[in-house]
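As given in Swiss-Prot:
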| type | residues | note |
| --- | --- | --- |
| DOMAIN | 30-99 | domain 'BTB' |
| DOMAIN | 134-236 | domain 'BACK' |
| REPEAT | 274-326 | repeat 'Kelch 1' |
| REPEAT | 327-374 | repeat 'Kelch 2' |
| REPEAT | 376-421 | repeat 'Kelch 3' |
| REPEAT | 422-468 | repeat 'Kelch 4' |
| REPEAT | 470-522 | repeat 'Kelch 5' |
| REPEAT | 528-574 | repeat 'Kelch 6' |
Amino acid sequence: MAEGSAVSDPQHAARLLRALSSFREESRFCDAHLVLDGEEIPVQKNILAAASPYIRTKLNYNPPKDDGSTYKIELEGISVMVMREILDYIFSGQIRLNEDTIQDVVQAADLLLLTDLKTLCCEFLEGCIAAENCIGIRDFALHYCLHHVHYLATEYLETHFRDVSSTEEFLELSPQKLKEVISLEKLNVGNERYVFEAVIRWIAHDTEIRKVHMKDVMSALWVSGLDSSYLREQMLNEPLVREIVKECSNIPLSQPQQGEAMLANFKPRGYSECIVTVGGEERVSRKPTAAMRCMCPLYDPNRQLWIELAPLSMPRINHGVLSAEGFLFVFGGQDENKQTLSSGEKYDPDANTWTALPPMNEARHNFGIVEIDGMLYILGGEDGEKELISMECYDIYSKTWTKQPDLTMVRKIGCYAAMKKKIYAMGGGSYGKLFESVECYDPRTQQWTAICPLKERRFGAVACGVAMELYVFGGVRSREDAQGSEMVTCKSEFYHDEFKRWIYLNDQNLCIPASSSFVYGAVPIGASIYVIGDLDTGTNYDYVREFKRSTGTWHHTKPLLPSDLRRTGCAALRIANCKLFRLQLQQGLFRIRVHSP
């Protein structure tokens, strides 16, 4: 018998679910009861078992009897109302979430092992994070292992501490929780006085009970950042401050130290969004390097120097670099012997150390790497013998790799970015042909969809996603005129998800359209995107250029020494100011001015 063609009906699953839902509403074909708080809900065992691994396990270990009795599934810790909402979700894929019910739904989804529902709850919680609730959401997320939500809530707390410290939630913290919060290195306060004043407000909220915790809580204060004249002024005006300073011996009232002694004890709060470069090759010898450096364009605008960080465990070139959840991840690439690698490493900016990661399923170089909610997606590339279309995903919390659907085509040296929790693959080439096509991958449906193509076909470009926008910078193509094979730098392009089309950016001040320019990375920080590469301006080479999204204009960064490296991997990474300060001291990047008497 001849083989036929496989055909499918896209509405088949939806129709089936609607029919099953109507059976449930009419209590038809039900063969079990859920028992919650003494109330029974008729259900179909096979549907619940398919949806919930927890119920499936209960059925496997306690199978129905053949005596004709109604099978009962007892559940504790879930209310009838919430369970009905979850049953509606199981049969429709939709659920109503609000701030009053979200905690109960997460608890139920956690018990029933409904991972898809838990993911929807996480996305809802992400949109709820605010000054009034970020500490509570942070604690809740930690308890239920909602890792990405916990990271976002912590990041919000660090960034908006002054707003958070004025809320009722902050004033109701336990002494232990308060101490944990004010111990965070990255609190964005500018001056330690704001942390001190937050603690004063907390004590004053219930003075008689909290006085006994005064000394313990104040031990978490970074007293080196408190000005003695400010403290003396507060003591004159506030009896509570007088009592606290008298009780806590660690709070300084003497004149601050000067010179080297001051630097040795100084510990600045806050963080800096840094441009990090990793690996690549030495410009002169062309040997792969393990070097890692960072530059903080907003930390010290007048001193934009490169700070040396801990090097990789091995030299890498043509590797993938990405920051996620406060860490930096590096995978694949090639070593000094041009051997294609599958290994990976993770950088912890708090410890300034690297640790090894489980290797990728396939060794590859010149591949794409993007991140969505703590999941790292590795796309395409080459393995030294052939071009790859495979995709795999690394969960940074479970430390496991899973295979994903293949790319629909080879995109040699294409560019990739994430935007609105979807992955975009752009440009690239294969067998001498360059592409302008763009495809979008939705991890939920695991489907690739073609979208509006780029205005210019290109390879070797870099891309990034910011909010609802995609940016593609640089890349090269052959000149489309009688001059034939000469390569030129492509114009940068911009895509907005609402308008669904690509628009040229003004690249006049990025680089000249010659083949001598190469881009290595595009790093979004604040309201700007920093493009890193060998950027030929016509008169000299720049290593970093700033693109201001609000005005669509390019700007020089402060004067930088010419880089001795090329083809580096690039990313943005949030690093604590106190760590950067120590590194700058160790590397002699600070100089003390001693005023003559």
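Glycine too: its Cβ is placed from the backbone N, Cα and C atoms.
Recorded stretches compared: 274-326, 376-421, 528-574; the one with the most Cβ pairs under 8 Å to the repeat 'Kelch 5' (470-522) is 528-574. Summarised by DSSP class, the composition of the repeat 'Kelch 3' (376-421) is 0 helix, 22 strand, 24 coil. The DSSP breakdown of the repeat 'Kelch 5' (470-522), given as helix, strand and coil counts, is 0 helix, 23 strand, 30 coil.
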